[in-house]
């Protein structure tokens with residue numbers, strides 16, 4: 001039997017909505033790099049060394 005290991009992360013995935021074009025996408029709240037909207041290119045998430053700065057509307061927190 002093959003064992004599967006799941007690690008608990010401190011962060012969460014978020015569904016966010018771009019304020020410019022209205023596109024929805026899923027991002028990690030502790031991102032290590034800039035995350036941009038795949039439609040218009042606006043920066044949605046900025047890394048800060050811990051929890052990221054979210055520059056979009058948060059619609060829901062995903063489990």
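Heads up, the Cβ atoms here are built off N, Cα and C, so glycines get one too.
Matching 18-40, 41-63 against Swiss-Prot, the residues noted as zinc finger span 18-40. Long-range Cβ neighbours of residue 40 (Zn(2+) binding site) (same chain, at least 6 residues apart, Cβ-Cβ under 8 Å): 18, 20, 21, 23.
The binding-site residues examined here are 18, 21, 37; by Cβ neighbour count within 10 Å, the least packed of them is 21.
Taking Cβ pairs closer than 8 Å, the zinc finger (18-40) reaches residues 9-12, 46-47, 50-52, 54-57, 59, 62 in its own chain, all 6 or more past its ends.
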